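Worksheet: the structure to be examined is printed underneath.
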């Protein structure tokens, strides 16, 4: 479980998060939704200790992220931020190989190589394993980063807009894979999603944020309602049902 | 499938493939340097002189090659070098300030060992203060750090220019002699110390090599994988500071006045092009070997073929630059 207690965060003089207290349950696929600038990415980055906590307390499975050694956390959670360019020239297999670093610290064993191969296979990258990162498309690169995160083999996966650059089939494939990790491998996933319908279709738990605060949380059918979403995004939204899951109509 | 089962294998093969020929080339060029045209008389004297120069070149080569790669990894940028960050201007400012305050005679009167140690100490201290304050506040904003470094570099240069206009012309000549790279100036009494310091830094960098590979993924990637990012960045920049200070204090700044301003850049570019690996365990020795080869061969051409008629930097730039362009155009450097 991730526990947030009174978390505030400022960048310069701008308040990004105000007094966030929440619990993100273990063994669930949790989607973090909300409009641009709601503070979703910041919250995810704080949990993933990519930013240091300014005020409040964040614990992941009882470990305080500000106190626990980073190397210990790297075996508990894998966090994938939005991509920035890498200066090294890496092959996809090498990038994915880095996901195993927390387990071998520079001395890969057979088990690490096998995990890399599996991750490449899972994300359909085996044929591209020897290609350089700057020689593949944005979507393929995104899948390589996801494969690296997957190879890290942690209890928690924190993903910031992983659907960026992915086409329909890979986006659906990724959500199905995440859902499968939760249900079959007992992992916990926290994912920032922009397209609410992916949250509606796959998430077990939804946290909705606006202007640095949590405005709603709970099961998809409780959070994804006309009123809540219209208020959240400041635009009229209709919610209907499709095969027992909410379907959000917001595009016309 | 066999390739994929061992994703680290191709890099390793490439590594052995490039280090050995580079080392062999360096052996040959060093032997040539030592024994070519030795003549009959005074062999021992000439050999000793040449050996000292060779030692100076090796030390400087290792320092420039390794420090540039380290710096580029921290900066996440392949175009930056420590000299762009004002390291060399700082050294020149230091020399000018010393001459201005002590006078030419006083400057010449300082014993070489204390002077060397003081220079290395001050350079390291200033570099640590500079990087420490910059990285302490916004450690994630490498871009701003570097921009500030460049501005400091310009400031050091301007301060030095101002000082050199104020001092008397004879003193200025002393400054100029002290701030142009000159392997003939290599001081035999300082060489063992400088070489040892340099070797320790290179060894430390090699120990850190796997972590540097991770560091090259950038801040987020490195933190995610459990690296103590800030500590590693500061340690790496500390090594860069010591390496640059030692080599600069030993022979003068590689890049200030001569056209050798891009020596580090050329070395790092060629190293990336030839090593074809992201692994620092390969990149660092390759860069050091390339720098040593360029320096020894360049110095040989400069001294023995061109008869010291031109600046050493011209030779380095000409040959190194052409090779750099060749690799660039062949798409082996990106």
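Glycine is no exception: its Cβ is also placed from the backbone N, Cα and C atoms.
Source: prediction; values computed, not measured.
The following features are taken from TrEMBL:
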type	residues	note
TRANSMEM	B:14-35	transmembrane segment
TRANSMEM	B:47-70	transmembrane segment
TRANSMEM	B:90-110	transmembrane segment
TRANSMEM	B:116-135	transmembrane segment
TRANSMEM	B:142-159	transmembrane segment
TRANSMEM	B:190-209	transmembrane segment
TRANSMEM	B:229-250	transmembrane segment
TRANSMEM	B:256-275	transmembrane segment
TRANSMEM	B:282-302	transmembrane segment
TRANSMEM	B:308-329	transmembrane segment
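As a quick check, the transmembrane segment (B:190-209) and the transmembrane segment (B:282-302) clear the bar of 3 or more Cβ pairs under 8 A, pairs 6 or more apart, so the two touch. When Cβ-Cβ distances below 8 Å are used as the criterion, the transmembrane segment (B:47-70) is approached by residues 30, 33-34, 38, 81-82, 183-184, 186, 188, 191, 194-195, 198-199, 201-202, 205, 212, 236, 239-240, 243-244, 246-247, 250-251, 254, 263-265, 267-268, 271, 280, 283-284, 287-292, 294-296, 299 of the same chain, each at least six residues removed from its ends.
For the transmembrane segment (B:90-110), same-chain residues at least 6 beyond its ends with a Cβ under 8 Å from one of its own Cβ atoms are 119, 122-123, 126-127, 153, 156-157, 159-160, 163-164, 166-167, 170-171, 174-175, 178-179, 245, 248-249, 252-253, 256.
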